[in-house]
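Trainee: Quick one: structure below, then a few questions.
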Amino acid sequence: MKSKFEDMPLDNVYSSLNSSKDGITENEATKRISLYGYNEVSEKKESNIIKFLKKFWNPVAWMLEITVVITFILKKYDDMYIILFLLIFNSIVGYTQESRANNALELLKKKLSVKAVVLRDRSWKVINSSLLVPGDVVHIKLGDVVPADAKIINGNIEVDQSALTGESLAVERKNPDLIYSSSIVRRGECDAIIVATGENTFFGKTAQLVRTAKAASHMENLIMRIVRYLIIVDVSLVIILAAYSILINISLSDVLPFILVILIASVPVALPATFTIAMAIGALEASETGALVTRLNAIEDAASMTTLYMDKTGTITKNILSVAEVIPVNDDENSILYYAAMASEESSDDPIDSAVLKYANDKNIKVDFSLRDGFTPFDPSTKMTSSHLTNGINVAKGAPQEICKLAGVDYSTIEEKVDKEAERGFRMLGVASGTSGKYRLSGLLAIYDAPREDSKQLISELYSMGITPRMVTGDNGPIAVEIAKEVGIKGDLCKNSTIKSENDILKCGIVAEVFPEDKYNIVKLTQKAGEITGMTGDGVNDAPALKQADVGIAVSTATDVAKASASIVLTHEGIEDIVKSVKIGRKIYQRMLTYTLNKIIKTMQVVIFLTLSFFVIKYFVTTPFDVILLLFANDFVTMSLATDNVRYSMHPEKWNVKSLVYSSISLAFAVILEGFIALYIGTYFHLTHSEMHTFIFDMLVFSGQFTVFAIRERKRFWNSMPSKYLLTASIADFLFISLISYYGILVTAIPAVFIVYDIILGFAFLFIMDTVKNMVFRRFGL
C-alpha cells in the first residue's frame with residue numbers, strides 16, 4: 001500500500017498540496033474540510049428495527065410463517081397463536097445474538113481522535129486531529145501519536161510502527177520520509193506536512209478493510225442445509241399423501257390438517273437456540289481459561305479450524321527485545337556487556353536499553369550508575385548512546401557502522417559477521433570503549449525478539465490436533481525463518497509477490513514482509529482453498545484479517561482495535577489459551593452434533609411414521625396441537641444437551657450434512673418400528689381416536705428422550721454419564737408427560753398402564769437403538 005507521496009520530492013509535495021513549510025490558513029483549512037472530509041473513519045449503520053425484522057427472513061422463520069398461514073386458513077387460531085409465539089421467540093434469540101455487534105470502527109474513530117499541534121496562519125496551535133487536512137504542517141515530538149500520514153520537513157525521529165506494519169523495532173524517519181497515522185514517536189521530534197487524512201491514510205484504509213471484512217456464519221449455513229433436506233422430505237411426503245388421498249377419495253380439506261402436522265413437526269424450532277446456548281456455555285468455559293469470546297459462532301468455528309495464522313510479534317514471540325549473543329572483538333564478553341550497560345539509561349523506555357540492562361543483570365554484571373558522570377542519550381543523527389565514567393573511560397553503543405567510525409575501524413572487517421547474524425534474524429549493536437577521546441571496538445551484541453518459552457510445545461500440540469500453524473509477519477524473511485525454526489513451524493517461506501492463488505498459500509509456512517491488506521487477502525485465499533482459518537494478532541495491522549478470519553484471536557497485549565475486530569480475545573500471554581479454546585470448541589461441537597442428530601431422527605420418525613400410520617389405519621394418530629406440545633416436550637427439554645458431558649476429538653470437526661441426514665434416517669427407521677408396535681398395542685386394546693392420540697404422543701416423547709441417551713455417547717450408551725442438567729430435564733419431562741396424560745391435562749386422559757407400556761417400549765428400544773447406532777456411526781464416520 002505505497003503512497004504516491006513516498007518518493008515525491010518535498011517541493012513537489014508542496015506544489016501538489018498547494019501548501020508550503022508555513023502551512024495553510026484557517027480559511028483554507030475550512031475549505032479543505034468540505035473537500036477531503038474530516039480526519040476520521042465513516043461508518044454505515046443499520047437500524048435496530050431492520051436488524052430485528054431480518055430475523056423473520058430465514059429458513060426456520062419461513063417454515064413457521066407458512067405454518068401460521070395454514071393454521072389461519074384452517075381457522076385453528078389457538079395453534080396459530082402458539083406457532084406465532086415460537087416464531088417471535090426464535091427472532092428474539094437471533095436478534096439478541098447479533099446485538100453483540102462488533103465495535104471496531106467506533107474504536108478506530110476514537111483512535112484517530114487525538115490532539116495535534118498545527119501551523120495555521122503562521123502560528124502554532126493545538127486542535128483536534130479530526131480537523132487536520134492535507135497541506136497542514138504539524139509538529140510531532142517524543143510520545144506523540146502521528147495524527148495522519150505526513151511527509152517529514154525537518155528533524156529526525158524514531159517511530160514505533162509495530163501496530164501498523166508488524167515491525168518489532170522502532171524505525172528511523174527523517175526528511176523526506178513518510179510517517180503513518182497512529183505510529184508512536186519513540187525518539188526525537190520533527191515538523192511534517194500532512195499528505196493524507198481519514199480513510200485515505202494507511203490507518204484509515206485498514207479501517208475500510210475491517211468494514212468490508214466478513215466471515216461467513218457456518219451455523220446459518222448448516223441450518224439452511226438441514227432445512228433443505230427436511231423440506232425435501234416434507235414435499236415428498238405431502239405429494240405421496242395427496243396422491244393417496246385422491247386415490248381413496250379423501251377431500252383436500254381433510255388432508256390439510258395433516259399437512260400442517262408434517263410442517264410443524266419438521267421445523268427445527270429450537271435448533272438455533274440450542275446452538276446459541278451451547279456456544280454461550282462454551283464461551284463461559286473459555287473465559288474461565290483466559291479466552292473472552294466476542295462472537296459466539298467462533299466457538300463452533302474453533303472446533304473446525306484447520307489453519308491458524310499467528311502474527312510473529314507478540315504472539316509467537318514476547319515482543320520484548322533480548323540480547324541473544326555477545327560477540328567479542330577486542331574485549332571479553334563481561335567487559336563488553338558492562339560497557340553496553342553503562343551506555344544505557346536505566347529509567348528509559350527504550351527497548352534496546354531495557355534488553356541490555358536485563359541481560360547484564362541475568363549475567364550478574366554489576367552496573368553502578370553512580371560511577372557515571374555523563375550520559376548522552378540516543379541521537380538519530382549519530383545513531384548511538386554514550387557515557388563518561390568517573391574512572392576516565394568513555395563507552396558507547398549503537399549502529400555497528402557508526403561505532404566503527406567512532407573507533408576508527410574499517411566496517412568491512414565486521415560486515416560479514418553482521419550480515420551473517422542478520423540472516424539468523426538478529427539486529428546488531430556495536431560497543432566501543434576508550435580514554436582521552438580515543439575509542440576501540442570492544443565487540444558486538446546480537447539482539448532479537450525471542451520466542452515465548454512455551455511456543456514450541458504449543459505449536460507441536462496444534463499439529464497433533466490436526467491444525468496447521470502458519471506465521472505471518474511484517475519482518476524480513478531471515479528473521480521469520482529463524483523464529484519458525486526455533487518454534488517448529490513447517491512449510492515454505494513466502495513473500496506476497498509469490499502468492500498468486502489458493503494453492504500457493506497452502507504451501508507457505510511463513511509469510512514475511514506483508515502489509516495489512518496482504519494479511520487480509522492471505523486469510524481470504526486460505527478460506528477460498530476450503531480451510532477454516534484462524535488468525536492471531538495484536539496490532540491495528542491485524543484488524544481486517546482478524547475480522548475476516550473464521551476465528552480471529554487477539555492476544556492479551558492487543559490494541560483496542562484488534563480486540564474489537566477479533567472473535568476471541570486472550571487475557572493471558574502466549575498460545576496456550578488458543579489450544580484450550582479449540583478443545584472447548586470441539587466439546588461444544590459434540591454437544592451440537594448430538595442435538596442435531598436427535599432433531600433429525602425425531603423429525604424423520606414423526607413425519608414418516610405419521611404418514612405411514614395414516615395409510616394403515618386411515619386416520620391421523622396425532623393432532624397439530626399434540627405436535628406443538630411435542631416440540632416443547634422434546635426440542636426445548638433436550639436443549640439441556642448444551643451442558644452434556646462429552647470428550648473432544650483430536651481432529652478438526654466438520655459438519656457433513658449429507659452423512660448427518662443419511663445416518664439420522666437410518667436410525668429413524670429403528671424408532672419408526674417402535675411407533676408401529678405402539679400403534680398395534682393401541683389398536684389391540686381398542687383405544688379411541690383421542691386416547692390413541694395421547695398414547696402415540698407419549699410414545700413419541702419417551703422415545704425421543706431414550707434416543708438422546710443412545711446417541712449422546714459415541715460408544716455404548718452406558719460408557720459415560722449424562723450431565724446433571726440433562727438427566728434432571730429428562731426425568732422432569734417423563735414426570736410431566738406422565739402426569740398430564742394420566743390426569744387429562746391438555747390431552748385426553750389414558751390409564752396409567754398405557755403410560756407404563758410406552759416407557760417399557762422406549763427403554764427396550766434404547767438397547768436396539770444403541771446397537772444400530774454403533775453400526776451407523778462407523779458407516780458414516782460420526
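Placed from the backbone N, Cα and C atoms, the Cβ positions cover glycine too.
Bear in mind that TrEMBL entries carry predicted annotations, made automatically and left uncurated.
Not my notes, these are from TrEMBL:
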DOMAIN    4-76  domain 'Cation-transporting P-type ATPase N-terminal'
TRANSMEM  56-74  transmembrane segment
TRANSMEM  80-96  transmembrane segment
TRANSMEM  229-252  transmembrane segment
TRANSMEM  258-284  transmembrane segment
TRANSMEM  600-621  transmembrane segment
TRANSMEM  627-648  transmembrane segment
TRANSMEM  660-681  transmembrane segment
TRANSMEM  693-711  transmembrane segment
TRANSMEM  723-743  transmembrane segment
TRANSMEM  749-769  transmembrane segment
Trainee: Are the transmembrane segment (660-681) and the transmembrane segment (627-648) close enough to be called in contact, which here means at least 3 C-beta pairs under 8 A that are separated by 6 or more residues?
Mentor: no
Trainee: Given the transmembrane segment (600-621), which of the listed stretches 229-252, 627-648, 693-711 has the most Cβ pairs that are under 8 Å apart from it?
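Mentor: Looking at each of 229-252, 627-648, 693-711 in turn, the most contacts to the transmembrane segment (600-621) are made by 229-252.
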Trainee: Report, as numbers and ranges, every residue of the chain located at least six residues beyond the transmembrane segment (229-252) whose Cβ falls under 8 Å of a Cβ in that stretch; write 'none' if there are none.
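Mentor: Tertiary neighbours of the transmembrane segment (229-252) are 63, 258-259, 262-263, 266, 268, 600, 603-604, 607-608, 611, 614-615, 618, 657, 661.
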Trainee: Which bits of the chain, at least 6 residues beyond where the transmembrane segment (693-711) starts or stops, bring a Cβ under 8 A of a Cβ in it?
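Mentor: Answer is 594, 597-598, 601-602, 605-606, 613, 621-623, 626, 629-630, 633-634, 637-638, 641, 667, 671, 674-675, 678-679, 681-682, 687, 717, 722, 726, 730, 733-734, 737-738, 741, 747-750, 754-755, 758-759, 761-763, 765-766, 769-770, 773.
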